[in-house]
Each structure stands twice: as C-alpha cells, then as structure tokens.
Amino acid sequence: MKDLLKFLKQQSKTEEFNGIKIGLASPDLIRSWSFGEVKKPETINYRTFKPEREGLFCARIFGPVKDYECLCGKYKRLKHRGVICEKCGVEVTQTKVRRERMGHIDLASPVAHIWFLKSLPSRIGLMLDMTLRDIERVLYFESFVVIEPGMTSLERGQMLTEENYLDALEEYGDEFEAKMGAEAVLELLRAIELEKEIEMMREELPSINSETRRKKITKRLKLVEAFFQSGNKPEWMILKVLPVLPPDLRPLVPLDGGRFATSDLNDLYRRVINRNNRLKRLLDLAAPDIIVRNEKRMLQESVDALLDNGRRGRAITGSNKRPLKSLADMIKGKQGRFRQNLLGKRVDYSGRSVITVGPTLRLHQCGLPKKMALELFKPFIYGKLEGRGLATTIKAAKKMVEREVPEVWDVLDDVIREHPVMLNRAPTLHRLGIQAFEPVLIEGKAIQLHPLVCAAYNADFDGDQMAVHVPLTLEAQLEARSLMMSTNNILSPANGEPVITPSQDVVLGLYYTSRECVNGKGEGMVFESVDEVEKAYRTKFAAIHARVKVRITETNIDENGERSESRRIVDTTVGRALLSRILPKGLSYDLVNQNMGKKQISKLLNTCYRQLGLKDTVIFADQLMYAGFHYATVSGASVGINDMVIPDEKYTLVADAEAEVLEIQEQFQSGLVTAGERYNKVIDIWASANEKVSKAMMENLSSETVINREGVPEKQESFNSIYMMADSGARGSAAQIRQLAGMRGLMAKPDGSIIETPIVANFREGLNVSQYFISTHGARKGLADTALKTANSGYLTRRLVDVAQDLVVIEDDCGTFEGLTMKPLIEGGDVVEPLRERVLGRVVAIDVMYPGTEKVLAPRNTLLDEAWCDLLEEHSVDEMIVRSVISCDTDFGVCKACYGRDLARGHIINQGEAIGVVAAQSIGEPGTQLTMRTFHIGGAASRASAENNVQVKNAGTVKLHNAKHVTNSEGKLVIVSRSSEIAIIDELGREKERYKVPYGTILEKLEEASVAAGEIIANWDPHTHPIISEVAGSIKFVDMLDGVTMTRQTDELTGLSSIVVMEVGQRPTAGKEMRPAIRLVGADGNDLMIPGTEVPAQYFLPANAIVNQDDNAPINVGDALARIPQESSKTRDITGGLPRVADLFEARKPKEPAILAEYSGTISFGKETKGKRRLVITPADGSEAYEEMIPKWRNLNVFEGEKVERGEVIADGAEAAHDILRLRGIHKVANYIVNEVQDVYRLQGVKINDKHIEVIIRQMLRKCEITNAGDSQFLAGEQAEVSRVKIANRELEAQGKQPATFERELLGITKASLATESFISAASFQETTRVLTEAAVGGKSDKLRGLKENVIVGRLIPAGTGYSYHQKRNAAAAAGTTTEAAPAISASEAEQNLADLLNLAGSSD
C-alpha cells in the first residue's frame, strides 16, 4: 500500500519553474528527446488495429496502447510496471506516455527550417547577408553557391548557375568547392564565427554614413548578438533530424463503418518519411545527380509543408481539396492551441437555459430550475445522502437521484443553502458579465434573473440564454461570495456610478408616484405622519398626486456616526410621502420630494451608497424596485394613437419652409447661388423647420391647462403617457416622439449624405410610398452597421485587453512629483466636464493653494473624495496637478497613489488589482453602443442648422486664443488665422466659455471688451470660405485667362459678373501648369508686402473659387478677395464612433496630418519647387536652420518673419499623436488622446473615467528609442522597454557611469501588444509564427509577469487573490530558496482516502 502511495505521489509532483525559455534545438537535443527512430510511413495494421512496428504509431517507440499492458499481451497488470517485453519490445506503463514521448526521423539530407527562411525578415538570409531569393535558389536546387573559394577569383557565398559552375570547374578544377541545397547553406552557416562577426560590425558601424546601410548592419548585428548570447548556433536553423510529435497529439480514430479519421499531421509525416526513405535508397544506389537532386528538393518541400503548409508555394491539399493543417496552423489563430485550449477551456458543472424575469427575487438571488440544480449539484447530493445514511453506496445514491425520491429534494435544499452559483451571459464584455447569486429553487425550466442586474448583463427577456457555473471548492465559493456577489457589485468599474439603477417599468412607476397634479382629490390636507397619509390614500380620501402638507421624521447622521432625529412639515404629494417609507434612515426627505426620473433615482442610489454604505443601498434598491413595479401597474399608463398629439402649428411651419425653399430654388436658377450653396441652404431650412415643429409638439405634449381649486385655469405638466415615458427616462426620447407626432424630417442616404426632400409626414399620419422608400435607406444601413459594429467592437476590446493585461497595482507609492494638469473641459458655451468630475477619486501631486494666496488648501498625496471636491469647488480652484498612471514611476506595474480610487469600490485601490484588464473592459464594453457612422437616429439625419455666429451665455470679458486678425474699414476685427478660439472670462479670471471660430469671422467686440449675456460677438458665413485681404491696395490678376483657367458667369437679372476658377482637370493644356492668383499692388504699381514680413501679398486661388472683384479694382483691409463655396454637409468625413476610437488607440497617422513646427524660431521661405514650398525655421540661438518641404495646396497658418514655438501648428489638418509626443511632450499627447476618445463616448452619452484611457496610454508609451547609449549595453536607435532602460540607468548612475538617454515612443495597441517582453503573450495575440521565430532565435526567456502567460502555463494569475501567492514566490526566489509545491493533504489522509476508495470499488461491483 505504501509503495502505491509513493508511486502516486511521485506522479502528482509538480516541477517549479520561474520562466519559460525558447530556443533552437540542436540535432543532438532532438535525438535526446526521442525514444526511437520512425522508419516506416505505416500507421496501424488495418486488420488487428495494432500499431505497426517502427511506424508512426509504433508502441515500442511511443509506449503501450493500453494501460500497463504490452502489445503482444505477455505482461499485464500493475505488478509488471516498468518491465520491457522481450517479445514485442514495449515498456509496460501508462498509456498517457503516448502523449509525451517523441520520436525522430534521421534525414538523409539536411533541410532548411521554413520559419527561419521565409518568416520576414529571413533569419538565414540576414545571417549569411544574402538575399532571400538567392538562398531559395540554392535550397531548391536551381543554382550553386561557393563554399570554399580556395585560391580562385571566386568569392565565398557567390551564386553560380549550372553553366557558370561547369565553366569554373573547367577553369579551376577542384581548387574550389561549390554545392547546392541545404548542405551548402549548412556549411556556410557553420563557418560563421559569431564573435569575430560582432567585433567586425561594431568596428564598422561608426564609420558608416549611408542611413540604409547602417540600418541593415544594426539589424544584422542584433541578430548575430542574439545568437551569440543565447548560445544558439546558426547551423541549427537547418534541420538534420526531424522530431516526431507524440502519437496521441495527432490521433487516428476509428469511425463506425471501418473507416478512420486521422489528423492531417499524419499525412504530412508520411510524405516526409516516404521521400526520406526513397532518398536514402537513391543515395545507396549512387543514382544520377539529377534524380537525387529532385528527391532532395521534394524532401525539402515536404518538410516545409509539415512545419508550415502554404508558407511557400501552393499548400499541399488532402483528399477533400482542403489544405492540410500543419504544425504552425495547430498553434495559431482562434482555433489554434493558444486561444482554443490554453486561454479558454470548457468547464464542468455548468448548464445553460433561457432567462425570465424574477421580480420577486432579492438582489442576491436567482431562480434556478430544480432539474438543473439536481444535475449541477449531483456529487454534493450523493455525499449528503450517504452522510445521512439514506444511501449505503454511491451507486445507491445515484439510483435514488435518478428516481427522484422525495428525500432527494430535502437534501438538495440543504446542499444549495448558501452555496452561490455564477451566472454568465455571453458576450461577457466586462467583469459584470459574470456575477454570483444564491440559487432559489423554482419549478419550470427557465432561470429567473433579478431585473436590476439586467443592465450589467445587458440582458433582456426576448429569448436570451445564460450559463450557470458552480464553484466547487470552499475557496472558490468564498471568492464568489465576497468578490462576485451581485450585491457587492453595485458600482460600475467604468465610471463609479451605480450600475444597478432601475430602468423602464420601475422608473415609470416611481415617476408616476412622485408627480404632482393640480386640484387632485384631497389637495391641501395636512397630515401628522406618513402613516396617516397612507391611511388616507388607501381609503381613497386622497389621490396619489394630490399636493398635501406632511410632518415627517428624518434621521440625521453626523461625522461620528451619531444618529439624531428631527421633525418638520413639508409641502409634498401623497405619492412622495408613500415613497419616503422605503427611504433608508439617514437620507434626507428632499431626495424623494421631486419628480423621480431615471437620473434622480440614480443620484438617489449613489447618495445612499456614499452616505450609508453597501448593505442599506442593496435593501433600498430592492424596495425601490418592488415599489416601482407596484405603482407602474396601478398607474395604468398605456399608449394609444390619440396620445401622439400633432401640433396645429405644424402645417403652417411646413408651408413656410416650402416657400423658403422655392425662393432659394429661384435664386439658384438665376445664378445667384451655386448648387452646393443651394443644397446646404435647403437642408438648413428643413433642419430648422423640423426643430420648430418638434419644439411646438413637445410644448403641446408636455403641458395641459386645468382648473385649480380657486376655479382659475393653471398650467401643469401633462399626464400624457408617451410624454411621461420619455420625460422619466423609462423609454423613448424626444427624437422618437418627434417621428411619431411631429415630422420624420431629413433622411440620410447610406453614404451619409442627406436627401434634400424631407419626410413631412409622421408615423401617426402615415407615410406614402415615396416617403416609405426614402426611409428604408437609412434603416437598412442601420441594421447592416449593427452587425459590423459588434464584430469590430469585440476586436477592439481584444486588442485593448492584450496591451494592458499585465498592468497590476504592485506598490503603495512610487513617490513621483509628476502628474497631469487638470482643468475643467469647456466646449462652446458649456462646461462639458467640471473640474470636480475630472479629479474626483484622484491623488493630489503638488499642494493645491487657496487661489491667490500661499496657503495650502489640499496637501500633496490627498485622495480627493466628494467632500474634498466640494471644498475645491467652494474656493473656485480651476487648475491643479493630480497623480496619473502615465507618470507613475513603478517598474512593471503602477502604484496605488498614481491610480487613486477603485471606482467599483469607492475607496483607494488595493494592491493586486488588475487595472489593465478593467480599463480595457471599461473602454471596450460600450463599444457596441458607439455608432459606426456619424449620423443615425433610425436613419434620420441629425444635423443642426449650420452655426454662423457666437452668442455668449455668460457675461464676462473677451479673450482671443492664437488668433491673428486685421481691422477692416468699419473698425471691426476680421480673423485671418485658422485654429482660433474666443474665450469668455468671468471676474475671477475663470474661463466660462470657449468657441472655435473659422477664418474670415468678423468680431463685433475687441479683445478685453466686456460683454453681456446673450450678446452676439462674432459672425461668419457657414457656407463659403472667404479669402481675406490683409493690406489695402488694388488687385492684379495673375494667370487668370478667360476660358483657360477661369470662366465668367453673368447674372441675367442683375447684370453682375463673377469669375469662377476652373478645376485643373477641366482646363485646356495651356492652363494645366498655371496657378491663378490675386496680387495686391500699391498706387505706384509695386507689390505690396504682407504686414511685418518680406513676403509679397499674393493669394493663390483654389479650384471653384468665385471672384467678385475685377482686375485693378481697389480693395480695403479685411475685405473678401474671393470666396470658396464649402461643399455639402459631408465636407470633411469626420470619422465618428468606433473607428475613431480604434484610430486613436492604434496611433494611426491621419491622411493629411497637421504640420507642426519642429523647432522654435523665425519662419522664412526658401526656394520653391514645382509642387512644394520650402519652409525654413531659423532658431533664435543661431544654431543650424531647419528646412521642410510643404506641398503648395496646404493652407499655411504662418507668414514670413513670424516667430513660432516648437509644436505650433504650421499647416492645418488633423494632428498626429506621434508629432504631439515628439514636439510637445508626454502630458500633451495624453491629454489629446484622452479628450479625443472621450469626445466620441460623450456624444453617445457614455461615461468613462479618464483613468482607464490613461492606463491604455501608459501601455502605448512603454517603449522608447535610445538616442545615446552612454555606458549601457543598448545600441543607439534601438527600441527598448522604458522600465528596462530606467533600471539600467539607475545601476549605471550608482556606479558613476554615464546613463543612456532615450526618447519615448508611442506605439499603437496592436504593435505594443506584439512588442511586449513576454513572447507567450505576444504569440497568443497575433502573428504567432513571427513572434515565435524571433523569440527562438534570440533564445528569449519569458519571466511570466503578465496575466496571460500565467493562465497559459496553468498558474494562478499575479493579480487579485493570486497576487499574494506570487508575492510569496517572488520573495522566496529573492531569498534563493525554491518553494516546493506541497500536496494539499498529508500522506496519512491520502492513505485513508485511498483505502476507502479501494473498498468502495470492491464492494460495488
């Protein structure tokens, strides 16, 4: 018995390891793995089904087919363990060795490994410094290569064709040696002396001038160094021995009907073996060279196909015309080893079923069908039945459960009590997609789900299915209860707001209850307590909406948790008084004394959580839900066609709009406006008509006039069901009501352009055929979009998770003084995000002072909670520096202080929290809600009429930001720069509003002027882009020839003529090279200069520009020389929604990026070329000037002689993130990406905390480029991990040596994932072949730092509850001891268990 135990213990002993190293295998190593050579291509004997000897399934090489039984049957049973049968040569052992024992094939001729040959850049090619084509010609026997030139004029590695070779033979005889095939490459590789090569290249590098050559040598140097340091030998890239996979990993399975299903690998191996054997025979026979050569080539091709089928030439196909799955295909892709089996596995003890509503459940419960529970908890039930003596053996218990005897149900109740189960709904987009509940047994076959958790699961009850999983061990149950219980996940990790807020019916019920109505039954009564109100309501003395006075009792909790009661009389309604009964003690009555819409309810829950904590909130949420359902039922809110009230004004408004459109049409026909302008104006007219109709409709819907108690008519909010649903936030929106009762309005075509005839009808009136047809456009596009969106969103989430998966909180405080500067976000006249929302839950990096004093308001390292934020707001702080993960100094992780508050828990984050994954999920999860396209409301085009002025909302003073302006003849300012902004500053100097104003805007106020609220301070024409004159003079036309570069159009009505510049494509040949322009000359006929510069005032005219001035006409400063009609609403395709987010995270360069100044200095223009101008920046310190060529069609924002700062915009366009990082630094680029991503989400009304985006940006910035290596091991121009460089620099500084300098680099998320230190993580993400090839050549070792690597090797992850395990391991490793993975039970216990098992096995037979 003891031996058996020892033996079992030996089997279960695990090896401890701290990393995984990958390298090239030498032929000897492959032979040492092998248990024998596979010599025959046969698999199994088709009659006996026994494996053939020396074949691909040979039992002698790979082990026995049956447990503890040799092939011929001479030795059976455990007692012969380890014996090798003398008859058939099979070792008696377990069958599972067939999963681990490898064989080998001795190749008759060496073969190149295709990965190192074809995976770019070709490693063999780089090593030999030959091109891939040349090497392939040698390998596939098309030409010779010189190996040993001897005393001849040939060079080593020179290619020779067949003829050249024969000529050389005649000339030199056997002085030299040249070969073809893999042997030749093998000898070349073997001859390389790595150390010498490294020395040579290192000496050569500094003296090289050509950039390309230097790049090439650096690349080769890196490769050679990698080989040298890893101990790999170059010749191992050529295979002499081929390993054979264990047979159970490429199984051969008999199907019924005597046929076999086999893995494709067996076919590929058989090909290799056949060709190899044939080649051996040919070599023995000394066959003619050409035949041997052909056979060697075929062998090379068959090994290629085995390793990576389809990498070179056509893929080898099987009998079903499908390419065979090679070894490389087994590990890559979604169905490959990594993603199918290692990162996600199927689990036992799970079931799935349809879900239905469980409105009677508590928040921590779910309804589990009895049938499912019985199946899921079977082992527990067996155990209990035996323990209670109801069943003698497991078999008896099994029979009882199958018969479903009554005792079984009692036992099931006991087993289930307080045993949480996990519910999961696919797709699991964030961590709230799996939550734990306590099961409640129910009849029926559907799982019941609590309505409040639907939002987190994104579940509805139209046939959704959910899966149930049972945590088995005590630890698993504990984790499920403490971490995953639905009651512990009240706040969303994405934004820290309650995620269990009521929706739909519940909201409608609560809203209905809390509404007030004029002259309701019982209005004006006074009650002494809430109980009395309830009495009056139940006895029908008071209607639920009646306004009454009630004395209420409130519980106040002060800072120390002391409770005190206070009473007061409030004006309220019956319904609100009833709601206050479920309000937890300690909350103010004012929270329910209002119309309870969705927002108010969410705020109420949030306040409850912050003031009273988790338990009260959970109970309260349930109570709210029950109340909501109850009152929604009682209210009888329903929808009838009469509820959609069409306003009477609609018809006059529509008629007015039609008249306006006709007028525009006439103007167009008489040539006053261009087609584009007409289109734009028409669309504007209809957009504003639509707005007016919907406004009239909402006013009509939202209020009604009733007679009050005094008999006087009084206006009150309407009780129209549709209006109540939209107003409360239960269902529907103003836009949808507009389509029901207003007019459907403008529709978009699938390409996003707007159809100019709107749908005047609404759904109540009904659509005619043409209107219906126009509608289908947008609707169909919407459906197609949704399908695409889901896939794209999932892929974005996957990339995000992959880049951020190894980011974990690993220390308390890194002590950095850096951080991000936070200001309120202002767009137009609104504060989009006040400062408090941006800094809530962050840590202060540098003391915040009372504004205007030296007194500290919030000291460094304060965690800003709600109270602190109130304080900051009180003292109107509008700028401060907070800690951020981007500037955190921790290596391989972040610290608690830089992250701040854990949004889902409401206190500072814990160590071991996997913030990377949480961030990725928070950004990815709402991805499915983001639109793919810029417009869409059921296909209706949402486009406000174009803005043409700035109207101020607050009084204050005007301030201009990077605006250049000239003063026109009327004394008004005209803006002549492009990215200008106007800000309004209040008396405290805080910015209240900020507006972007286009080129050509006319300002009504000067800078520093004070304005009143509602004043219009700027005007411009939204449909044309003017060209403004900056000097006064007279016009000279340049290259303006009628019929060559421009056409004249005369208006019949007015007789005015205008000039239109022709497009290049439409000009005759003579005009192709001409560049039409307007030059300004003075009275003396000489060129005028642009003010303050040496540049002549000459304005180039783009195609389609309209000039209303004549040659030699006088012109004033600030007048328009020409106007360029702006194209229709689709001007610049603004990438909206999801693609925009993906572009930002991938750090893609925009098509026409803005050009930024590379240095600070003075601008001048050098010699022009045909299509470009030369921009020169001369730095102020007199160092070398910087030159850049800029295409002429780019609009420049700068003039000659102007001073620019580094990073300022020179030519407009979308800014590229890389440029911002290079020229303005890390904080600016972080701000840019955060704001741009937030813009997209804000548009959809999704709230995400900035922290999450910053976490991803930190990962995008984790690489840097070495600019100067100093005394370090790095090479200049090498890409390295920032944390590595920092660690190396610390060591160098400690020794007094010179540290390396580096520049941060911004990588897109895909690139950053592939550039991670861990090759396992990168290989399981994308481009598996390339990653593994690179890692093997460099002999990389994976330290298993991230989450993915640990999941793949089957360990606890170094985050969450597995964090402490890894901490202990790391501590032990640092101390130099290896921790032995101890078995969980002692030997004596194991012995007892085993004895019991054996008894059982014996007795139940």
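These residue numbers are counts, starting from 1, taken along the chain as shown.
Placement of Cβ uses the backbone N, Cα and C atoms for every residue, glycine included.
Per Swiss-Prot, the features are:
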- Cys70, Cys72, Cys85, Cys88: Zn(2+) 1 binding site (BINDING)
- Asp460, Asp462, Asp464: Mg(2+) binding site (BINDING)
- Cys814, Cys888, Cys895, Cys898: Zn(2+) 2 binding site (BINDING)
- What is the nearest of the binding-site residues Cys70, Cys72, Cys88 to Cys814 (Zn(2+) 2 binding site), using the Cα of each? Cys70
- Quick note, Cys898 (Zn(2+) 2 binding site): same-chain residues at least 6 apart with CB under 8 Å of its CB -> Cys814, Thr816, Val843, Arg883, Ser884, Val885, Ser887, Cys888, Thr890
- Note on the structure: DSSP says Cys898 (Zn(2+) 2 binding site), in three-state terms, is helix
- Query: Where Asp460 (Mg(2+) binding site) and Cys895 (Zn(2+) 2 binding site) are concerned, what is their Cα separation in Å, rounded?
  - Reply: 39
- Item | Distance [Cα-Cα, Å, rounded] between Cys85 (Zn(2+) 1 binding site) and Asp464 (Mg(2+) binding site) | 59
- How many other Cβ atoms are found within 10 Å of the Cβ atom of Cys888 (Zn(2+) 2 binding site), counting all protein chains shown? 24
- Measure from the Cα of Cys88 (Zn(2+) 1 binding site) to the Cα of every one of the binding-site residues Asp462, Asp464, Cys895, then give the nearest. Asp464
- Cα-nearest neighbour of Cys72 (Zn(2+) 1 binding site) within the listed binding-site residues, Asp462, Asp464, Cys895: Asp464
- Task: State the Cα to Cα distance, in Å, between Cys895 (Zn(2+) 2 binding site) and Asp464 (Mg(2+) binding site), rounded to an integer.
- Result: 41
- Message: For a quick check of packing: other C-beta atoms within 10 Å of the C-beta of Cys85 (Zn(2+) 1 binding site), how many?
- Response: 20
- Note on the structure: Here the Cα-Cα span from Cys70 (Zn(2+) 1 binding site) to Asp464 (Mg(2+) binding site), rounded to a whole number of angstrom, reaches 53
- Here are the binding-site residues: Asp460, Asp462, Asp464. Which has the lowest count of other Cβ atoms within 10 Å? Asp462
- By a simple count, how many Cβ atoms lie within 10 Å of the Cβ of Cys895 (Zn(2+) 2 binding site), its own Cβ left out? 22
- Message: Neighbour count first, Cβ atoms within 10 Å, every protein chain included; then name which of Cys70, Cys72, Cys88, Cys814 tops the list of binding-site residues.
- Response: Cys70
- Message: Please list, in sequence order, every residue of the chain apart from Cys70, Cys72, Cys85, Cys88 whose Cβ lies within 8 Å of the Cβ centroid of the Zn(2+) 1 site.
- Response: Leu71, Gly73, Lys74, Tyr75, Glu86, Lys87, Gly89, Val90
